[in-house]
Amino acid sequence: MFKNVFSSLQKVGKSLMLPVSVLPIAGILLGIGSAHFTLIPEIISQIMAQTGGSIFSNMPLIFAIGVALGFSNNDGVAALAAVVAYSILIQTLSAVELNILNTDANTIKNKNFSDIGILGGIIAGAISAYMFNKFYKIQLPEYLGFFAGKRFVPIISGLFAIFVGLILSLIWPSIGNKIQIFSEWAAYQNPIIAFSLYGLVERALVPFGLHHIWNVPFQMQIGEYKNSIGQIFHGDIARYMAGDTTAGNLSGGFIFKMYGLPGAALAIWHTAKKENRKKIGSIMISAALTAFLTGITEPIEFSFILVAPILYIIHAILAGLSFPLCIFLNMRAGTSFSHGFIDFIVLSGHSHKIFLFPIVGICYGLLYYSIFYFLITTFNLKTPGREENKNTVFFRNNIEIAPYIVEALGGKNNIKNLDACITRLRITVSEISKVNEENLKNLGAAGVVISGSGVQAVFGTRSENIKTAIDEYINNI
C-alpha cells in the first residue's frame with residue numbers, strides 16, 4: 001500500500017513541475033516591471049508588471065492543466081477538460097453562496113468564498129484526469145456517437161465539477177478559514193519557525209522527488225498582497241515580485257544553494273583519492289557551478305545522499321537553518337524558480353541588504369566545507385573518488401547513451417512509462433527485478449531511487465534531453 005501511495009505522490013510531484021516551469025518568465029516580467037528601473041521606460045515597466053501579474057493570477061488554472069496532463073500521459077483533451085472543470089467549479093461555488101446560502105455579494109467578494117486558489121486548480125485537474133482515464137474509450141448509442149470517446153471527457157468533467165463545487169461550497173468556508181489562519185501564521189506571525197520547517201522538510205523530500213508538493217503552499221499560497229491597480233497576489237514568490245515588503249522569506253535558499261553546497265562539493269573533491277582527484281574535481285566543479293548559477297543542486301546532493309546519508313541529514317538541517325537566518329538578518333531576495341545567481345541578479349529590484357548575501361553565503365560555504373571534510377575523513381565515508389574504482393562510461397551526447405539506459409532499465413518492453421523533470425528521469429517499469437541500478441550509475445546517474453515499480457535516475461539538467469533521446473530510440477527499434 002505504501003509503495004502505491006508513494007508512486008501516486010511521485011506522479012503528483014511530476015505533474016506540478018509543468019505549471020512551476022512558467023514561473024521564470026512570470027517572475028522576470030513581474031519582478032523587473034515592478035522594480036521600475038530608471039533605464040526602462042515606465043510604459044514598458046507597466047506592461048511587464050501587468051503581463052507577469054496576469055500569469056500569477058491564472059496560476060490555479062495553469063495548475064489544473066498541469067495536473068491533468070501529468071495524470072493523463074500528456075493528452076490535450078484532459079487539459080481542455082481541466083479548463084472546463086475549473087471554470088465550472090469556481091462558478092458553482094459563487095452561485096451556491098449567492099443564490100442558495102443567500103450570502104451577500106459583497107461578503108462573498110470580500111471573503112473570497114470562490115477563491116480556493118491553487119487547491120482549486122489541483123482539484124479540477126484531478127477531476128479531469130480521472131474522468132479522462134475512465135471514459136476516454138467510452139462507447140455511446142449511435143445517435144450520440146459524436147460525443148463518444150475523448151469528446152465525452154470535457155462533458156462529464158464539467159458535470160462532475162458541479163457536484164464537487166456543491167460539496168465544496170458547504171465545507172470550504174471552514175477549510176478556507178483554517179488555511180487562512182496557517183497562511184497568516186507562516187507569512188506574518190512566525191515566519192522564522194514556519195520557514196525553518198519548510199527548509200528542513202523540503203530538503204528531506206528531495207531524494208524521493210516529492211519536494212514539489214511541499215513547495216506549493218509556501219511558494220504559491222501563503223500570504224496576500226494587493227498592488228496599486230487592485231491585483232491580488234498569493235504566495236511568497238508572487239508577493240515578493242509584486243513589491244510586498246513582508247515577502248522574501250524564501251531567501252535562505254540562496255545561501256545553501258549558491259554557497260553551502262558548492263562548499264560541500266569542494267570538500268568531496270579535496271577528500272577524493274589522489275588518483276581520482278582530477279576526475280572528481282571536474283565533476284564537482286561542474287555541479288557546483290550549476291548550483292551557483294541556477295540553484296539546481298541534485299547533482300551534488302545525490303553524490304553523497306546514498307553513500308553517506310549522515311551528510312545529507314546534516315545538509316537538510318543546515319538548509320533549514322538558512323531560512324530563519326536570512327529572516328533574522330532581514331535579508332530579502334526574490335526567486336522565480338530556483339535560488340541561483342541568475343535569479344539573484346535579475347530579480348534584485350526589490351532586494352534588501354543584498355550586500356549581506358555573499359558575506360553570509362561565503363561563511364556558510366566554509367561551514368559546509370569544514371563539516372563535510374571532517375566527517376568524510378574522520379569516518380572514511382565513501383563519497384565520490386573514495387570508493388573502489390568504478391567503470392563509469394562517458395558518452396559525448398544523449399543519443400549515444402539512450403540505448404544503454406534502455407538496456408539498464410530492462411529493455412524496451414519493460415518500460416511502461418517514461419518522463420523527466422528538471423534533474424531526473426522518472427520511469428515506471430513492468431518488472432523491477434530487470435532494472436540494473438549499478439549500470440544506471442555507471443552510465444552517469446548521480447543517484448537512483450527505486451520504489452515499487454517506479455525508478456528515478458538523476459542525470460542532472462540533461463534529463464529532459466536524455467528522455468527525448470530515449471523516446472526517439474524506442475520509436476525507431
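Heads up, the Cβ atoms here are built off N, Cα and C, so glycines get one too.
What you are looking at is a predicted structure, and each value in this text was computed from that prediction instead of being measured.
Annotated features in Swiss-Prot:
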type: DOMAIN; residues: 1-388; note: domain 'PTS EIIC type-1'
type: TRANSMEM; residues: 20-40; note: transmembrane segment
type: TRANSMEM; residues: 51-71; note: transmembrane segment
type: TRANSMEM; residues: 76-96; note: transmembrane segment
type: TRANSMEM; residues: 112-132; note: transmembrane segment
type: TRANSMEM; residues: 152-172; note: transmembrane segment
type: TRANSMEM; residues: 250-270; note: transmembrane segment
type: TRANSMEM; residues: 280-300; note: transmembrane segment
type: TRANSMEM; residues: 304-324; note: transmembrane segment
type: TRANSMEM; residues: 354-374; note: transmembrane segment
type: DOMAIN; residues: 399-477; note: domain 'PTS EIIB type-1'
type: MOD_RES; residues: Cys421; note: phosphocysteine
type: ACT_SITE; residues: Cys421; note: active site, phosphocysteine intermediate
Fill in the blank from the handout: So the residue listed as 'phosphocysteine', by the Cβ count within 10 Å over all chains shown, scores 22
Practice task
Name the range, of those listed as 76-96, 112-132, 280-300, 304-324, 354-374, that has the largest tally of Cβ pairs under 8 Å with the transmembrane segment (250-270).
Solution key: 354-374
Fill in the blank from the handout: For the transmembrane segment (152-172), the candidate among 76-96, 112-132, 280-300, 304-324, 354-374 having the most Cβ pairs under 8 Å is 76-96
Problem - Dominant neighbour of the transmembrane segment (304-324) in 76-96, 112-132, 354-374, by Cβ pairs under 8 Å - result: 354-374
Fill in the blank from the handout: Outside the transmembrane segment (112-132), at least 6 residues beyond either end, the same-chain residues with a Cβ under 8 Å of its Cβ set are 15, 19, 59-68, 70-72, 75, 77-79, 81-82, 84-86, 89-91, 93-94, 97, 103, 150, 153-154, 156-157, 160-161, 164, 168-169, 172-173, 176, 179, 216-217, 220-221, 234
Practice task
Over the span of the domain 'PTS EIIB type-1' (399-477), count residues by DSSP class, listing helix, strand and coil in order.
Solution key: 39 helix, 22 strand, 18 coil
